[in-house]
Amino acid sequence: MFKLVSDYEPTGDQPQAIDRLVEGIKKGYRFQTLIGVTGSGKTFTMANVISRLNRPALVISPNKTLAAQLYGEFKTFFPHNRVEYFISYYDYYQPEAYVPTKDLYIEKNADINDVLVRMRMSALKSVRTRRDVVVVASVSSIYASGDPSDFDRMNIQLSTGLKISPHAVAQHLAKIGYERSNEITVKGCFRLRGDVLEIYPTYQDEGIRIEFFGSVVDRIETFDKLNRSPLEELQKIIIYPAIEFVTTEEKLKRAVESIKNELDQRLTELKNQGKILEAQRLQQRTMHDLELLSALGYCPGIENYSRHFDGRKPGEPPYTLLDYFDDDVLVFLDESHIAVPQLRAMWRGEHSRKKSLVEYGFRLPSAFDNRPLTFEEFLKKVPQIIFVSATPGPFEYQVSEQIVEQIIRPTGLIDPEVEVRPTKYQVDDLISEIKKVVERGERALITVLTKKTAEKLSEYLVEMGIKSLYIHSELDAIERIEVLKKLRRGDVDAVVGINLLREGLDLPEVSLVAILDSDKEGFLRSETTLIQIIGRVARNLNGKVLMYADRVTPAMQRAIDETNRRRKIQMEYNEKYGITPKTIVKPLQIEIFEKFMEKPEIDYHQLAKDLSKEEYLSLLEEEMYRAASELRYEDAAKLRDEIFRLREELKDENYL
C-alpha cells in the first residue's frame, strides 16, 4: 500500500529504532517514545514505520512551521501515496470575547486562508476514501470539526444513465458548500451552462465535467483546469463537500428546536438570578441567529451551536480530525515535550474565554461545547501513539511501554562541543567568535532572555559590522519562514532571539550557538531547553556551543553531560565503521510554505528609526497577532482599529 521512495537505506540507529517501534505496535503497545537527536533522521524513521505497518497515519506537530517542514519531507518519501496538510485555516484569528470590567464586547475577527481551507478538505476526503494516507497536522487538529457521517452522507454520487436533472445536482452542490460562478477559476466553484455542469472540487487539481441529456447523466469526465481539455472519461463519480461543516435538512430542523429549548431554559435561569439585561441580550442575539438558520441554514458564529447539530449531550467531546480516521490510525506526536503541554492547556484557555460570554448573555452555555478536546479525551481517541522528541517530558517517560533511542546520525556528525565561558567581556568575546564563523561562510545563533537585550545586542552587532537580525520570540508561520530564508541564504550572519532558537529549526549553515545568561535558572534555561538549543548546531561539522555563565547550574551540567554521552556514542560508531563526518547539505524547501501562505514579506531588521506608514502598519499587524495569541483581546481590538484607520489614510493618499 505505502511505497517509500528514498535514495538511502536506514543506517546507524535507524534500523533498530524502526524494528523496535514496529514490533511495539504489533504487540499492542499504546504508548511508545522515540528519543531522536537532531540530525538522526527521525522523520525517515517515522516514514519507515508507516511503510512497514501499512496503516493510515496522523503526524501532529506543535506549530505550523514544523508541520509544513514535515509535510515537505513526507511528500518526498511517499510521492505515490496521499500526504495531506491539516492546520488552522486562519491567517489571523481574534476570537469573540467580553471584558466585564470595561463592559467591552469584541466581535470575532478573522482572516481565512482559502488555500489552507482547500488543503483541509483534501485531507478529510483522503482520510475517508483511502488507507494509504499520511496527514501532517498542527495541534489545532484537536479542535471541533464536522460530523464525519454527515461528510459521507452529503456527498453526491453520479453515474452515467442516472436519472437526475442538472438543476437538482446544482442545488445539492450549493448545499454542500460549492459556489455557483460564471467562471471556474478557483476550487469550490461550479458552473451550469445548458446541459453541461462543470465542477472544480476543493480536494483535487482536475475539474469534473458532467453532460446531461435532458434529465439523464450522459457523460462524466475530468478535465484540465488550464486548457479545459478532457483527461479521463468515468462511469461514476463521488463529489465530496467543499466545506467542513455540512448538515442535513433534518439535522438543521432538529438543531433549531434544540437551540430554542436551551434558550428557554437559560432565560429562566438568568431571570431567576435577577440578570434581566443579560436575559434580554441573550434572547435578542439568539433569536436573530435562529431566524438566519431557519432561512439560510447558516448564521455568524454557527460553530457555537455545534452541539445541537451533532446531537451531543452537554460536555461530550466534539468531532475532530481523529474521528475521520479508521480505528487503527497510527499517531505520531512530534516534539512531544512541547506538544503535550500545549494539548493540556488548549481546553482551559478556550473555556476561560467563553465563561464571561456565557455569564453575561452573549452566548448560550452550549457554546462551551464548541471546543478542543481535553488531553484525556485526546488520549482516549488515539489507539496507539508514538511520542517523538530529542528531550521527552515526564509524561512520555511515565506512560511509555517502550522507549527507543536514536542517537547515531547516518552522516557521522558529532554533537557539538560545549564550552562554558565567563560573562566578563562576553560581548567582545562573542563578536570575535561570530567573525570567525562568518569568515568560513557559516552562520550564528544567539539566544538571550529578554526582547530588550536581543534588540540592543542585535543593534550593537550591526554597529560592529556583523549583519544581524533581531526577532520577536512569538512569530507566526510566515514570519518565521522569512527569517529562515534570510539566515540560510546568507542575507544575515547572525540571529538574536529568545525562545525561537529551540526545537524545529533545521539550519545546517549554523555552526555557532551562543547562550547568554546560561546560569539564570528557569524555563528558558532548563535542561530540556538547553539540549534543544545545543541541537540547533548539530547539523554542522564545525558545530560549537558557547555558554556564557559565572557558574555551572545543575541544568547546565546535565545538558553538558547528555551532550557528551551522545558525542561518545557517535564517535565510537564513526571509528568502528570508518565514517568521516560531513556537514548536512540541505536545499531550501521554503517554497512548500509559500504555496500555502500568501502574505507580503515583512522586514524584521527593525533598525530604521523613521518608519514609513507602510512599515508602521506592518508592525501594528504583528503586534495585533501577538496580542490575540496571548488572549489580550482589548489590546488586539485597539490595534485592529488603528490598523483600519491607517489603511484608510493610505487609500486616500494613493487616490490623491
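Just so you know, glycine gets a Cβ as well, placed from its N, Cα and C.
Residues annotated as domain 'Helicase ATP-binding' in Swiss-Prot, with sequence analysis given as evidence: 23-180.
Look at Swiss-Prot and you will find Gly36, Val37, Thr38, Gly39, Ser40, Gly41, Lys42, Thr43 tagged as ATP binding site, backed by sequence analysis. With a cut-off of 8 Å between CB atoms and residues at least 6 apart in sequence, the same chain places Gly12, Asp13, Gln14, Gln406, Ile407, Ile408, Arg409, Pro410 near Ser40 (ATP binding site), listed in sequence order. In the three-state DSSP scheme, Ser40 (ATP binding site) falls into the coil class.
The motif 'Beta-hairpin' annotation in Swiss-Prot covers 89-112.
Taken from Swiss-Prot, the feature domain 'Helicase C-terminal' covers 426-588, and the record attributes it to sequence analysis.
If you look up Swiss-Prot, you'll see 614-649 marked as domain 'UVR', on the strength of sequence analysis.
The binding-site residues considered are Gly36, Gly39; of these, Gly39 has the fewest other C-beta atoms within 10 angstroms of its C-beta. Sequence-distant contacts of Gly41 (ATP binding site), defined by Cβ-Cβ distance under 8 angstroms and a gap of at least six in the same chain, are Pro10, Gly12, Gln14, Gln406, Arg409, Pro410. Long-range Cβ neighbours of Thr38 (ATP binding site) (same chain, at least 6 residues apart, Cβ-Cβ under 8 Å): Ala390, Gly535, Arg536, Ala538, Arg539. Compute the center of the Cβ atoms of Gly36, Val37, Thr38, Gly39, Ser40, Gly41, Lys42, Thr43, which mark the site for ATP; besides them, the chain residues with Cβ within 8 Å of that center are Thr45, Ala390, Gln406, Arg409. Its own atom aside, the Cβ of Val37 (ATP binding site) has 26 Cβ atoms within 10 angstroms in the protein chains shown. The binding-site residues in question are Lys42, Thr43, and the one with the fewest Cβ neighbours inside 10 Å is Thr43.
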